[in-house]
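A quick write-up on the structure given underneath.
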Amino acid sequence: MTTRTSLTIVLAAGEGTRMRSSLPKVLHPVAGRPLLAHVLAAAPHGEGDKLAVVIGPDHQAVADEARRIRPDAQIYVQTERLGTAHAVLAAKQAVAGGADDLLIAFGDTPLISAETFARLREPLRNGGALVVLGFRAVDPTGYGRLVVEDDRLAAIREQADASPDELKITLCNAGVMAIDGRIALDVLGAIGNANKKGEYYLTDAVGIVRERGLVAGVIETDEDEVRGINTKAQLAEAEAVMQARLRQAAMAAGVTLISPETIHLAADTTFGRDVTIEPFVVIGPGVSIGDGAVIHSFSHIVDTSLGKNTSIGPYARLRPGTSLGDGAKIGNFVETKAAQIDAGAKVNHLTYIGDAHIGPGANIGAGTITCNYDGFNKHKTEIGAGAFVGSNSSLVAPVRIGAGAYIGSGSVITRNVPDDALAVERNDQSVREGWATRFREAKLRAKKPKAG
């Protein structure tokens with residue numbers, strides 16, 4: 001069977017005024033990934049699949065994000081907002097380039113799946129001219145109704161134009177559409193603007209196709225999958241749906257989530273086998289978790305690689321650039337950033353490790369700080385294999401602690417320490433016998449009321 005080519009046009013020109021944000025609507029995140037990125041990741045991206053993204057004026061950030069996800073993306077600007085068909089024809093050059101299937105999607109529908117795009121194309125393979133994605137709405141008020149006759153799409157009826165019987169229809173238009181690429185440019189060009197708003201509506205393509213004796217059809221999907229995001233409340237709703245999906249997928253893959261509804265995952269989180277995550281854990285973008293890892297409650301992890309059988313938290317914060325080797329441990333109230341912590345190393349309590357490399361089997365005592373920033377630049381701390389850093393130590397970078405070296409508790413280390421050496425930097429202890437008794441007696445005498 002010959003593989004069909006495709007062109008997906010993603011409409012992302014909306015201002016998103018109801019978001020009340022300076023950030024373009026399609027760049028707001030769901031599960032740590034911009035809305036647009038979810039759509040582009042789901043769109044066909046094989047050898048014969050092309051992508052065009054239609055953006056608004058002054059939306060260079062949207063173009064940059066599109067090319068970050070899909071370097072092959074063609075960018076087109078819709079200078080005027082004159083309806084959905086007008087937006088599609090902003091990419092007229094791409095449509096004219098030819099493809100077997102033209103897919104039209106929206107940059108603010110992050111829950112759409114690759115499987116749905118594939119199902120949308122199937123009727124075109126079987127001779128259909130146009131396919132609309134529909135959903136059964138719990139409350140269809142405000143949606144265009146899909147009027148189906150003899151298993152074919154007869155019309156898309158907007159609510160204001162619907163008859164009483166048509167208003168009872170719960171099958172609604174999701175806006176996503178597929179058109180036979182051979183007729184796409186002709187059909188789109190035939191759409192007029194003879195309506196109250198003077199705009200060009202993509203939904204008119206259904207009538208044009210039927211007038212030409214061609215077949216229009218409907219593919220149904222779940223209502224959640226085609227949620228459009230126009231407000232912060234809708235953004236939160238989409239986040240909830242996405243999180244439920246991600247948790248379910250993680251558990252299906254063998255991850256133990258002790259209290260799933262309290263755990264936040266990112267769209268790109270990857271898991272090994274037998275991973276356990278306790279309640280109230282937040283995992284941001286860029287995290288990979290190895291076999292047997294345990295993440296304890298109230299930990300926050302971003303852009304981090306965890307090796308096999310690692311242990312994190314509770315109350316740990318792992319910031320970007322952190323990597324842990326197999327069996328390494330990060331304990332409670334520990335923060336790391338740009339830190340490589342090798343196999344078997346332990347950082348158990350109340351510690352900051354930034355811009356550092358900790359060798360295998362090293363032990364970092366409670367209250368240790370790598371002093372990595374001098375007010376202008378960051379500097380690196382190197383701690384060798386098997387080194388032992390005593391509690392309440394400050395390691396002033398750049399500095400190297402040799403393999404097997406010991407650092408005495410309370411030390412401020414400013415110079416390199418050789419392998420297997422002991423470094424202690426603190427004043428000699430002074431003991432004054434009886435001082436506490438004399439101090440208390442003097443204070444009590446001072447508190448006696450004066451004779452008067």
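Cβ from N, Cα, C; glycine included.
For 1-232, the entry in Swiss-Prot reads region 'Pyrophosphorylase'. Annotated UDP-N-acetyl-alpha-D-glucosamine binding site per Swiss-Prot: 11-14, Lys25, Gln78, 83-84, Gly144, Glu158, Asn173, Asn230, Arg319, Lys337, Tyr352, Asn363, in sequence order. What Swiss-Prot lists as Mg(2+) binding site is Asp108, Asn230, and the listing cites sequence analysis. As annotated by Swiss-Prot, region 'Linker' applies to 233-253, with the evidence given as sequence analysis. As annotated by Swiss-Prot, region 'N-acetyltransferase' applies to 254-452, with the evidence given as sequence analysis. For His349, the entry in Swiss-Prot reads active site, proton acceptor. Look at Swiss-Prot and you will find Ala366, Asn372, Tyr373, Ser391, Ser409, Arg426 tagged as acetyl-CoA binding site.
If you measure from the Cα atom of Asn173 (UDP-N-acetyl-alpha-D-glucosamine binding site) to that of Asp108 (Mg(2+) binding site), you get 15 Å. Leu11 (UDP-N-acetyl-alpha-D-glucosamine binding site) carries a strand DSSP state (E or B). Relative to the residue listed as 'active site, proton acceptor', the binding-site residues with Cα atoms inside 10 Å are Ala366, the candidates having been Leu11, Ala366, Arg426.
In the three-state DSSP reading, Lys25 (UDP-N-acetyl-alpha-D-glucosamine binding site) counts as helix. Here the binding-site residues are Tyr352, Tyr373, and the one whose Cβ sees the fewest other Cβ atoms within 10 Å is Tyr373.
When the record's acetyl-CoA-binding residues Ala366, Asn372, Tyr373, Ser391, Ser409, Arg426 are compared pairwise by CA position, the greatest distance found is 22 Å. The average pLDDT the prediction assigns to the region 'Pyrophosphorylase' (1-232) is 94.
Of the recorded residues, Leu11 (UDP-N-acetyl-alpha-D-glucosamine binding site) and Asp108 (Mg(2+) binding site) place their C-alpha atoms 9 Å from one another. Cβ-based neighbour count (10 Å, all protein chains) for Gly83 (UDP-N-acetyl-alpha-D-glucosamine binding site) stands at 20.
Checking the binding-site residues (Gly144, Arg319, Tyr352, Ala366, Asn372, Arg426) against Asp108 (Mg(2+) binding site) with a 10 Å Cα-Cα cut-off leaves nothing. In this structure, the recorded positions Lys25, His349 were compared by how many other Cβ atoms lie within 10 Å of their Cβ, and the smallest count belongs to His349.
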